Amino acid sequence: MATNYIFVTGGVVSSLGKGIAAASLAAILEARGLNVTIMKLDPYINVDPGTMSPTQHGEVFVTQDGAETDLDLGHYERFIRTKMTKRNNFTAGKIYSEVLRKERRGDYLGATIQVIPHITNEIKSRVIDGAAGYDVAIVEVGGTVGDIESLPFLEALRQLAVQVGRERTIFMHLTLVPYIPTAGEVKTKPTQHSVKELLSIGIQPDVLICRSDRMIPPNERAKIALFCNVPERAVISLKDVSSIYQIPALLKSQGLDDFICQRFRLDCQEADLSEWEKVLYQEANPTGEVTIGMVGKYTELPDAYKSVNEALKHAGLTNRLTVNIKYIDSQDVETKGIDILKDLDGILIPGGFGYRGVEGKILTAQYARENNVPYLGICLGMQVAFIEYARHVAGLKGANSSEFDRTCEYPVIALITEWQDAEGNVEVRSDESDLGGTMRLGAQQCHLVAGSLAHQLYGSDIIEERHRHRYEVNNVIRPQVEKAGLKVTGLSADKKLVEIIEVPNHPWFVACQFHPEFTSTPRDGHPLFAGFVKAASENRKK
């Protein structure tokens, strides 16, 4: 079957939730038995978000094949079973750099390179490539209609719709329908102007998703349909909800999936949302709660740890618990002391880069170890736990990471200079390597030690988890730390790189070099997070 396309755009304001809406629609279509993928097209000039500040852009989501991508791809994977790859996210920077590379190589035979057709052709080519083999491809365009940056992307999608045929394409536009308290009514004019903006570049939306803090009244939906040239049944009301996992059912209740299947002439089963109903039941009926302290350096923007936040919620679903996350700036631990860590049921230190706040994280790991507080360290969270143990248990005073102190006597964490990737190829890095795209990225095998807590949680000898880091445990100094009692319970496929450490004689202290949050989903959870939240609950009862 030829691929059908749903192009998702946004209007009026940003941050309306295009990614959540696209993922929710994909979840319904998948529940109807269709093979669905989702792509995100980002108009910014960065080649990828890998070197962007988390406080500006939010987290960098790492795919199975090692792409550093937009956090929306995390939403996609949490809503559907399809695994995202490098083909599912590209930026204007990536498009332009590829076109310029081809021009330098002589691929265009001396032609004058222009936005149309060369940039738009490259965009179309990547969309078609990413959609190949799927029944439905949902393509989300970042930004807001009217932005200069997004014009080449919208023009490319307009052309693609003409080329593949309008019977195989749907334009779905998210727009804001604000409620004005003084008038006591919702206002449709911003939506009308947003559609007018789309029409000015040759795109007639087929579906309007109207975001508001309440359901849009039928008379206002009819008004929007009339003035925006859209069937009334294709004007969908998407109100604010307490949980994003309610949205698939909300869209289905208004017949959005029926409209799309009829438009594409797809003969498929009714959507079975029983898995999502179970998720919502677990979420609405907790049997208790826990408070997890997340100690990091980007705590002013929770989206910087989006996948970790969601993974903790998923672990709450697994354990029928409400997980309350208390964000703690690691610099506050340095200045205010460890008292701010009291009354926490569990402590989590997520990944991060740079020296700022590191000593606060080391203090936090020490507090968790010495006070028997369940601890989960991720990436840098494992490295600070290793440094802390080396300093205070192994007696290696001044132990540190060469990332933070290149002249320290005991660089227990050091730059990876050579390792094997998933295909068995040797990757080499040095201090002179570029920051962008030079880390150990993507899914890597990890071999677990039998009898360890990690082995017990995973129930497997070999696991596969995603990585994003440059620094590793220094194998030259590692034996001294292990001799002091620290357990290395997970190793890379070649048995050279430390993947998991555990502190013995502690209720629950596990730290991993990889990022387990990237593979956690609301329907399946993740064994590490589930075990951590369970341990936190048991600690709360003491």
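Any Cβ shown, glycine's included, is placed from N, Cα and C.
The model shown is predicted, which means the values in this text are computed figures rather than measured ones.
The region 'Amidoligase domain' annotation in Swiss-Prot covers 1-266 and is backed by sequence analysis. Feature annotation from Swiss-Prot assigns CTP binding site to SER14, ASP147, ILE148, GLU149, LYS187, THR188, LYS189, PRO190, THR191, GLN192, LYS223. What Swiss-Prot lists as UTP binding site is SER14, LYS187, THR188, LYS189, PRO190, THR191, GLN192, LYS223, and the listing cites sequence analysis. What Swiss-Prot lists as ATP binding site is SER15, LEU16, GLY17, LYS18, GLY19, ILE20, ASP72, LYS239, ASP240, VAL241, and the listing cites sequence analysis. What Swiss-Prot lists as Mg(2+) binding site is ASP72, GLU140, and the listing cites sequence analysis. Residues or ranges marked as domain 'Glutamine amidotransferase type-1' by Swiss-Prot on the basis of sequence analysis: 291-542. Feature annotation from Swiss-Prot assigns L-glutamine binding site to GLY352, LEU380, GLY381, MET382, GLN383, GLU403, ARG470. Marked as active site, nucleophile by Swiss-Prot on the basis of sequence analysis: CYS379. The active site feature in Swiss-Prot is assigned to HIS515, GLU517.
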Report summary line: LYS223 (CTP binding site), Cβ-centred 10 Å count of other Cβ atoms over all protein chains shown, is 18
Query raised in the report: Which one is closest to ARG470 (L-glutamine binding site) in space, judged by CA to CA distance, out of the recorded positions GLY19, ASP72, GLN192, CYS379, HIS515?
Result: CYS379
**Report entry** Chain-mates of GLY352, LEU380, GLY381, MET382, GLN383, GLU403, ARG470 with C-beta within 8 Å of site centroid, L-glutamine
**Finding:** GLY351, PHE353, CYS379, VAL384, SER401, ILE413, HIS469, TYR471
Query raised in the report: Max Cα-Cα distance in Å among SER14, LYS187, THR188, LYS189, PRO190, THR191, GLN192, LYS223, the residues listed as binding UTP?
Result: 24
Requested in this report: List only the single closest residue to GLU140 (Mg(2+) binding site), chosen from the binding-site residues LYS187, GLY352, LEU380, MET382, GLN383 by CA-CA distance.
Outcome: LYS187
Query raised in the report: At the level of the C-alpha atoms, what whole-angstrom distance separates GLU403 (L-glutamine binding site) and CYS379 (active site, nucleophile)?
Result: 13
Report task. Please name which of the binding-site residues listed here, SER14, PRO190, GLN192, GLY352, is nearest in space to ASP240 (ATP binding site), Cα against Cα. Result -> SER14
Query raised in the report: Over the domain 'Glutamine amidotransferase type-1' (291-542), what is the model's average pLDDT?
Result: 91
Query raised in the report: Taking the residues the record says bind L-glutamine (GLY352, LEU380, GLY381, MET382, GLN383, GLU403, ARG470), how far apart in Å are the two Cα atoms that sit farthest from each other?
Result: 14
Query raised in the report: Per residue, counting other C-beta atoms within 10 angstroms of the C-beta, which of the recorded positions LYS187, LYS189, ARG470, HIS515 reaches the highest number?
Result: HIS515
Query raised in the report: For ASP72 (ATP binding site), what is the tally of other C-beta atoms lying within 10 angstroms of its C-beta?
Result: 25
Query - Cβ packing number for GLY352 (L-glutamine binding site), 10 Å threshold - result: 22
Requested in this report: Return the residues near GLN383 (L-glutamine binding site), defined as same-chain residues 6+ apart in sequence whose C-beta is under 8 angstroms from its C-beta, sorted by sequence, else 'none'.
Outcome: GLY377, SER401, ILE413, TYR471, VAL473, GLN513
Query - List of residues, in chain order, with Cβ under 8 A from that of MET382 (L-glutamine binding site) and at least 6 apart - result: ILE500, ILE501, ALA511, CYS512, GLN513
Query - Integer Å distance between the CA atoms belonging to CYS379 (active site, nucleophile) and GLU517 (active site) - result: 11
